[in-house]
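Asks: Dumping the structure here so I can ask a few things about it.
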Amino acid sequence: MSSKESCRIVERKKESCRSELRIAIRQLNDRCLYSASKWAAEQLTGIEQDPAKFTPSNTRFQRGSSSIQRRYRTNEITATPVAGVSYVTTPVMVEDDLVDGDFYLLAKSYFDCREYKRAAHVLRDQSGRKSLFLRFYALYLAGEKRKEEEMIELEGPLGKSDAINRELVPLERELSTLRKNGTIDPFGLYLYGLVLKQNGSESLARTVLEESVNNYPWNWNVWSELQSLCTTIDILNSLNLNNHWMKDFFLASAYQELRMHNEALAKYQYLQGTFCYSNYIQAQVAKVQYSLREFDQVEATFEELLRNDPYRVDDMDMYSNVLYAKESASALSHLAHRVFMTDKYRPESCCIIGNYYSLKGMHEKSVVYFRRALKLNKNYLSAWTLMGHEFVEMKNTPAAVDAYRRAVDIDPCDYRAWYGLGQAYEMMGMPFYALHYFRKSVFLQPNDSRLWIAMGQCYETEQLRMLDEAIKCYRRAADCNDGEAIALHQLAKLHSEVGRADEAAFYYKKDLERMEDEEREGPNVVEALIYLATYCRAQERYEEAEVYCTRLLDYTGPERETAKSLLRGMGMGSSQSGPPGMDIEQFPP
């Protein structure tokens with residue numbers, strides 16, 4: 001196949017994606033599925049325009065180049081369009097506008113004004129598919145709205161309540177009947193799956209949501225709900241999904257949640273062959289890099305995102321976490337001001353401002369903003385976790401434990417909350433409990449050196465003193481690119497403590513080389529020099545010992561006297577096997 005013909009095939013497939021998305025956006029909007037419609041519209045403008053139709057009017061969101069595509073491309077994965085992949089064709093759903101008519105338009109107006117019960121009442125006798133879905137959806141949201149009101153009214157001392165959505169049971173009954181009769185459409189299946197999930201019928205919910213995406217693949221809300229039910233790779237692999245291009249978006253997101261970072265990156269890079277200007281993909285790649293703790297690359301990605309979309313608030317809370325970890329106070333201040341001026345009552349905005357105050361050490365004010373984020377969204381995971389961190393800083397361990405527990409209730413796969421629980425119980429002097437939670441956190445995030453170090457320190461406590469287990473943890477931390485280099489120093493100390501001199505010398509030498517490369521000075525350097533000098537002397541490697549002792553003579557504390565003592569000892573032994581001609585008197589007393 002010639003390159004021109006290949007390009008024509010790629011462009012036809014891009015145009016097919018555009019056509020599908022344009023129709024889907026209208027259909028999703030008609031059913032008031034606005035977040036799904038927004039997602040689809042963002043992907044539509046993320047497709048590179050056909051050069052033959054390139055005009056300023058229809059490319060105002062296009063950028064000159066995609067640096068994210070260049071930055072993450074590898075030799076193994078090539079970000080090529082969909083020319084070599086055969087996707088199934090899903091028929092576009094035919095609308096029944098004549099059946100819906102004027103009552104649907106009135107109900108939609110009420111729905112848009114958040115008058116859900118009123119909208120459902122208007123549609124009580126309508127039989128059109130759009131009207132049926134809108135009535136069910138309005139009832140579902142009316143129940144959710146009432147549940148939130150009851151949660152505020154009946155809130156217990158720990159911010160918990162037993163409020164439920166009272167519309168779920170009648171909705172499940174009615175939607176189940178429609179499915180059995182074969183009169184339910186893909187949107188009704190989405191809502192039925194949502195209801196089943198909330199009622200705890202997860203297996204049936206997966207089946208129903210799978211039916212929905214196979215019949216109508218453009219509703220990203222369905223894919224998101226289905227992903228939340230795929231808690232293991234076995235469940236994910238058991239799904240029988242049509243090979244539509246939306247499946248690639250789903251798999252990339254699912255791999256990301258299952259911590260299969262390389263697979264997720266490969267999928268996103270592949271998708272960039274078609275959706276090369278997608279801000280969504282750019283943000284998801286940044287999330288993967290964040291999980292891999294590659295903060296410099298994440299920061300560069302978010303900076304580019306904000307240049308292209310300066311009023312974006314989605315995902316910016318993660319950017320603030322990166323700036324917090326890098327202690328970039330001025331950049332975090334600028335970001336907090338930007339989101340405050342854009343939309344200060346978004347949960348993400350409140351979290352960003354909370355991070356800013358936390359970095360300044362104003363922990364009480366930080367908690368105020370995290371609480372505000374939770375007022376706006378009770379299930380906002382980051383706010384619970386970050387508020388727990390603040391309570392730890394304030395030494396309020398009971399409040400920290402409660403915040404972390406609320407976080408793991410929302411997402412049992414949030415390793416940060418499990419790690420926080422471990423820290424809190426360690427502060428309370430309960431290392432067995434702490435160890436349990438640290439184990440959970442490292443299971444979920446095995447490539448984070450901080451978690452292995454925390455677990456190693458737990459094993460070192462007086463109550464446990466399981467030093468061999470601590471050594472194993474520090475080894476794992478050292479293999480995970482321990483940025484703070486705590487692991488090497490602890491490995492050296494622990495091997496020395498248990499009497500393994502050779503291993504201790506090996507790790508002291510590695511730690512010393514690292515500190516030399518980073519041009520660091522401090523007590524760890526002195527400790528390493530003294531140990532290595534003593535070890536080399538005991539091994540009769542006098543020249544090496546002299547090098548370490550000579551470096552110690554540059555210090556003015558007791559380590560200087562230790563070095564002189566070692567050198568004198570080697571001088572006294574020079575008649576036997578020590579280094580010849582060593583003049584101890586050259587060192588002043």
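Using N, Cα and C of the backbone, Cβ positions are placed for all residues, glycine too.
Annotated compositional bias 'Low complexity' per TrEMBL: 573-582, in sequence order. Per TrEMBL, domain 'Cdc23' is recorded for 17-286. Per TrEMBL, region 'Disordered' is recorded for 569-589. Annotation comment: TrEMBL describes 347-380, 381-414, 415-448 as repeat 'TPR'.
I'd like these features described in context: how deep, what's nearby, how far apart.
Replies: Note on the domain 'Cdc23' (17-286): mean pLDDT across this stretch is 84.
Listed by sequence, the residues of this chain that lie at least six past the ends of the repeat 'TPR' (347-380) yet keep a Cβ under 8 A from its Cβ atoms are 148, 151, 159, 313-317, 320-321, 323-324, 327, 329, 332-333, 335-336, 339-340, 386-387, 389-391, 393-394, 410.
For the repeat 'TPR' (381-414), the list of distant contacts is 158-159, 231, 257, 317, 321, 347, 350-351, 354-355, 358, 363-364, 366-367, 370-371, 373-374, 420-421, 423-425, 427-428, 444: same-chain residues at least six beyond its ends, Cβ to Cβ under 8 Å.
Residues 259, 291-293, 381, 384-385, 388-389, 392, 395, 397, 400-401, 403-405, 407-408, 454-455, 457-459, 461, 463-464, 476, 480 of the same chain lie 6 or more positions beyond the ends of the repeat 'TPR' (415-448) yet place their CB under 8 Å from a CB of it.
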Asks: Would you mind splitting the repeat 'TPR' (347-380) into helix, strand and coil residue counts from DSSP?
Replies: 27 helix, 0 strand, 7 coil
